[in-house]
Amino acid sequence: VGFKAGVKDYKLTYYTPEYETKDTDILAAFRVTPQPGVPPEEAGAAVAAESSTGTWTTVWTDGLTSLDRYKGRCYHIEPVAGEENQYIAYVAYPLDLFEEGSVTNMFTSIVGNVFGFKALRALRLEDLRIPVAYVKTFQGPPHGIQVERDKLNKYGRPLLGCTIKPKLGLSAKNYGRAVYECLRGGLDFTKDDENVNSQPFMRWRDRFLFCAEAIYKSQAETGEIKGHYLNATAGTCEEMMKRAIFARELGVPIVMHDYLTGGFTANTSLAHYCRDNGLLLHIHRAMHAVIDRQKNHGIHFRVLAKALRMSGGDHIHAGTVVGKLEGERDITLGFVDLLRDDFIEKDRSRGIYFTQDWVSLPGVLPVASGGIHVWHMPALTEIFGDDSVLQFGGGTLGHPWGNAPGAVANRVALEACVQARNEGRDLAREGNEIIREACKWSPELAAACE
């Protein structure tokens, strides 16, 4: 046969429109913007090749393996409606290309190399279909939605949280006091800001101690289970684990991690520890906009959210929907369902390119956080439903009477909305009225609404 060296078009090997996808394949939907003069088939095939077995030229060692068994295949290409020179390229990867239980390896393979590719002007990973066979190699969230409700003994409503502000500069003692006031007022959780790690003005161990004190004091006074997301993110994995272990020794219910800056390897280790030791894990998505903000390049957040469900986390920040554009609402709800449900049907109107079956992987609670206020409560309750965490930072701490009354205002607004919904009222239409009625018997809420 003889070995034939030389450069040949990717599409001869990697563009296979007749390919029938297997149940075990990992499927990817890429938004491809080819350079001028590059046909879309070649661009799609180039992505499939470079993210699997291909390189820029035919190599002698190709003969020592079965390319047909291991190569990625671009099996379908469609133009993006309303965009010039943009295509969705669907790529199927054989399962054997990936290490079991490693989100890190999955991303290194699929997005590690292709994004700097010359033939492409831009590239965005829009969605992934994770096959059941691969899902089963992951532990996933340490506990999941149902176990969390049982641990906290809170049912039939969204959970309430608050990020402690000012995020940097408070001493540990004052920080603990702010935590206590919010929890005492009626919140379920308070939160370390994502950039609170262990800085000179507040070392992590001091913060953990004072926050634990705040938790136990507020629990004793309210008769409710309380928590504070203690941020265990650190410069090394060993230090991160040390912080998580200390949190467990204090007996607190939940810790926190920045999963993109901390990295998937660290996150998965922490998630395993949390399941083994009964800690809930709150995940913050700091740095996500660097990756997901551009419409034509990067990775869509729904992929990062799927990856987090595999790596492990019980809560993850997922945007707020409120006050944003209408179109974003459906897209956001699409990945909120991807986080919570066992089975999600393909639905392009919500940005879901593939049907995803999570089998028995626990669900993740979406966290709505950022610029929300008591007036948003009816909309948030309606949009996110019971299985969510609503976080009001400035919306709690910005109350004219202080933190505890701010917490009271949020809790009253939430309970009023849940009750109204259970009585069959339409939160979307009557939301403002429901809040106004509640103001009559809650001076704290009335003050917050002024």
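Cβ atoms are placed via backbone N, Cα and C, with glycine included.
Features as listed in Swiss-Prot:
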type     : residues                                       : note
MOD_RES  : LYS4                                           : N6,N6,N6-trimethyllysine
BINDING  : ASN113, THR163, LYS167, ARG285, HIS317, SER369 : substrate binding site
ACT_SITE : LYS165                                         : active site, proton acceptor
MOD_RES  : LYS191                                         : N6-carboxylysine
BINDING  : LYS191, ASP193, GLU194                         : Mg(2+) binding site
ACT_SITE : HIS284                                         : active site, proton acceptor
SITE     : LYS324                                         : site 'Transition state stabilizer'
- line: One should report the C-alpha separation between LYS165 (active site, proton acceptor) and HIS317 (substrate binding site), rounded to whole angstrom, as 18
Task: For the recorded Mg(2+) site, whose residues are LYS191, ASP193, GLU194, find every other residue on that chain with a C-beta no more than 8 angstroms from the centre of their C-beta atoms, and list them by sequence position.
output: THR163, ILE164, LYS167, ASP192, ASN195, VAL196, TYR229, ASN231, MET256, HIS284
Query: Out of these binding-site residues, ASN113, THR163, SER369, which one has the fewest other C-beta atoms within 10 Å of its own C-beta?
result: ASN113
Message: Checking the contact step here: among the recorded positions LYS4, ASN113, THR163, HIS317, SER369, which have a Cα within 10 Å of the Cα of GLU194 (Mg(2+) binding site)?
response: THR163
- prompt: Between LYS4, LYS165, HIS317, which of the recorded positions has the fewest other CB atoms within 10 angstroms in the structure shown?
  reply: LYS4
Query: Of ASP193, GLU194, which of the binding-site residues has the most Cβ neighbours inside 10 Å?
result: GLU194
- line: So ARG285 (substrate binding site), by the Cβ count within 10 Å over all chains shown, scores 23
- prompt: Considering only the recorded positions LYS4, LYS191, ASP193, HIS284, which fall within 10 Å of HIS317 (substrate binding site) when distances are taken between Cα atoms?
  reply: HIS284
Message: Below 8 Å Cβ to Cβ and six or more residues apart, same chain only. Which residues does that give for LYS167 (substrate binding site)?
response: ASP193, ASN195, VAL196
- prompt: Expressed to the nearest Å, what is the distance separating ARG285 (substrate binding site) and LYS191 (N6-carboxylysine) at their Cα atoms?
  reply: 14
- line: Excluding its own, the Cβ atoms lying within 10 Å of the Cβ of LYS191 (N6-carboxylysine) add up to 29
